[in-house]
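In Swiss-Prot this protein carries:
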type    : residues                                     : note
BINDING : 72-77, 106-110, 130-131, K143, K152, 170-173 : NAD(+) binding site
BINDING : E185, H248, H265                             : Zn(2+) binding site
Amino acid sequence: MERINVNLGDRSYPISIGAELFNTPALFASAISAGRRVVVVSNETVAPLYAAQVMATIRALECEVSLLELPDGEQYKTLETFNQIMTFLLQGNYGRDVVMVALGGGVIGDVVGFAAASYQRGVDFVQVPTTLLSQVDSSVGGKTAVNHPLGKNMIGAFYQPKAVVIDNQCLKTLPAREFASGMAEVIKYGIIADYEFFVWLEQNIEKLQALDNEALCYAIGRCCQIKADVVASDEKESGVRALLNLGHTFGHAIEAEMGYGNWLHGEAVAAGTVFAAKTAHEQGLLSEEDVIRITRLHERAQLPISKPTSMDYDSFIKHMMRDKKVLSGQLRLVLPTSIGTAEVVSDVPHDVLRRVINA
């Protein structure tokens with residue numbers, strides 16, 4: 001088992017990574033003390049697979065545990081689902097000492113985290129991510145949110161969990177398309193922060209796709225370490241943390257335009273990352289060779305590298321101008337400057353974006 005710490009002073013928390021961790025009460029004990037009431041929130045896909053196991057482990061800590069099962073899908077990452085959680089907590093007369101456990105992928109983690117941040121002005125929660133995307137990215141760092149029809153993650157809060165427990169054996173039940181979606185975020189870390197990791201991915205992507213345990217532990221651990229370091233230095237995304245949004249400005253536009261859930265988040269980010277690489281090349285920031293390597297690795301990961309055929313420049317810009325990184329009406333993009341480094345650029349000419357998007 002690997003253990004990584006997110007260093008945020010008195011709000012620091014551990015990330016535990018390994019196999020068969022759901023049977024280890026000690027990993028939950030740092031966040032859940034004896035006698036506390038616990039609500040495990042999951043979805044209709046994950047709950048039948050893992051809820052009983054996780055609940056039994058938490059009960060071993062002498063806690064009362066209940067389950068709230070929600071519908072599955074990005075289309076349910078809404079204020080309506082948030083309100084459903086609130087109603088469950090209020091009807092159950094849960095106090096401020098309740099602990100919420102987010103058992104599922106990124107949607108569950110985001111909406112449960114936002115509910116934990118909001119219920120009685122903040123209660124403890126634990127992230128138990130079950131998809132590759134949530135294990136390497138969304139479960140770490142405290143970003144919580146729900147979507148709005150006009151934009152993704154527009155309603156939310158920064159709110160850190162008390163612990164993250166990552167059991168990579170969950171990936172055995174993950175559909176291939178969902179695994180590929182998670183690979184988009186894995187590749188992202190290599191592009192923005194670690195050239196050697198990118199090279200390792202080029203050499204080992206087939207091992208990851210075959211669910212090789214050693215390769216998975218290394219990749220998940222490396223991603224979590226990079227994110228933990230970034231979050232520790234810039235929790236509220238005022239500086240370097242913005243680099244974690246590589247591909248996301250383009251990607252969120254695809255998700256919003258196509259309808260949440262029709263393109264998976266990682267699929268949209270993959271296409272967005274390729275657009276960002278091509279934009280960087282047009283701006284003289286990135287070599288053609290690096291654009292080719294970035295594009296090929298996404299292709300090998302079974303990810304899209306082009307936009308939906310129904311979208312054009314105008315449909316992209318409509319959504320991109322609502323991005324949270326827009327300042328004073330100016331679009332700001334994360335662009336790679338080489339494999340292993342990136343920067344936020346705010347002066348990309350619209351004719352360049354039009355050329356890249358409509359190519």
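Yeah, the Cβs are placed from backbone N, Cα and C, and that goes for glycine too.
Here the features listed in Swiss-Prot are placed on the structure.
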| residue | record | Cβ contacts under 8 Å, 6 or more apart |
| --- | --- | --- |
| D72 | NAD(+) binding site | N43, E44, T45, V46, G104, V107 |
| Q75 | NAD(+) binding site | G259, Y260, G261 |
| G106 | NAD(+) binding site | P129, T131, L133, S134, D137, S138, S139, H265 |
| G109 | NAD(+) binding site | A102, Q127, P129, S134, S138, S139, T144 |
| C170 | NAD(+) binding site | L49, Y50, P129, T130, T131, Q135 |
| T173 | NAD(+) binding site | L49 |
| E185 | Zn(2+) binding site | L132, L133, V136, D137, C223, G266, V269 |
| H248 | Zn(2+) binding site | V269, G272, V334 |
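Within 8 Å of the centroid of the Cβ atoms of E185, H248, H265, where the record puts Zn(2+), the same chain has further Cβ atoms from L133, D137, S138, A184, K188, G247, G251, G266, A268, V269. If you draw a 10 Å sphere around the CB of T131 (NAD(+) binding site), it holds 29 other CB atoms from the protein chains shown. The number of other Cβ atoms within 10 Å of the Cβ belonging to H265 (Zn(2+) binding site), over all protein chains shown, comes to 29. In the three-state DSSP scheme, D72 (NAD(+) binding site) is classed as coil.
According to its DSSP assignment, C170 (NAD(+) binding site) is helical.
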